[in-house]
């Protein structure tokens, strides 16, 4: 059975490419354009893993993580953050809010995939 | 010789000819009993009249001017001129004089309009410059950040093409070689953006330093995971630790940039596995980043930490020449020292020393 990944990213160019890449590796991919939509989709589809951007309209990645961690049905889903910032504080903040891993933009897909595989086999 | 006798000058002759306006007011009735010629001329300007100024006119204006009364009080006031769309800036000093039981307030007034106009124009220029400066820094920060989104989209698209070609058994050496070239250029551009952003914050003095007790081993583990793992050439960073680990007092983010840069250089200018040694000594932490690479020619070493300076033997290896100047700046901002030892074609070693702060030395 295919594993489901919820991809939360507001830039369609990037989300389209990442979706295609993940699908090549046989993952089922659901896309959301911001944190609020991401929380909604997660409640509906219960993905095996979430990959999320940080800076997004409506609800940013940090606030989305808080909502995930407060929801008993979502709190155990691993979340990998994609961040354009390389400041350690930004990364620390994501980990403090409950992120399980992070990748800084731009990234090599191989590295992202290695992290995905740590959480879903 | 007979000593010269002091001459008593008439009161009105002395004060009356002073170029500085002086007004004397009786206390507490507020009656103006004296104004010298300079004061009359000033108040004529303030009333905007062609007739002679009376002491009663001065009393009315003085009432407006006197926001503060008291012995030795000096204040600045902006007085609009009626009928004219202009004003005068005045500096007023009040002094209390007692004569028997009678009390008088003496007002010395200086027209500071010219000075004030210059001052205000300087403040405006400074504010304008500050705002332009902020705009410039924000623009560089925003531009560097925004460039990363298309860069990520390009690098992911390249990954997608490579994966699809590989899965369809179409990834021949020609495609592989050129895809790697695009990918490598994307990451070089990304490094350049990060360096330009860091240098612009240093140059504009906008850099914030947030010192805290930092676990250096953890910072190194983080940068190793973030930047130097899963390398295409399978090389790894070899980290060696000796002594009892202690925290140092430094800016975590700047430390991370220092190590990322030095380790990045060690990978770039050598073909073996770079070594990062952490030696926790009694009073200081010594960090060495070593490689067995191309080395630095002796004539380049004195200029190595200058911005945009690059070694004479690195033609064909990309770089901005900004990295080491940023490293030196950050080491010094964190009260550390940096040394370089190098031999051409044998390798390079950078040594950074951070002393423990007294409280951490004592606790250890």
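Backbone N, Cα and C define each Cβ position, glycine as well.
The feature domain 'Response regulatory' is assigned by TrEMBL to A:4-120. What TrEMBL lists as 4-aspartylphosphate is A:53.
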Helix, strand and coil totals (DSSP H, G, I; E, B; other) for the domain 'Response regulatory' (A:4-120): 54 helix, 24 strand, 39 coil
Residues satisfying Cβ distance under 8 Å from the residue listed as '4-aspartylphosphate', sequence separation of at least 6: A:8, A:9, A:10, A:11, A:61, A:81, A:82, A:83
Mean predicted confidence [pLDDT] for the domain 'Response regulatory' (A:4-120): 89
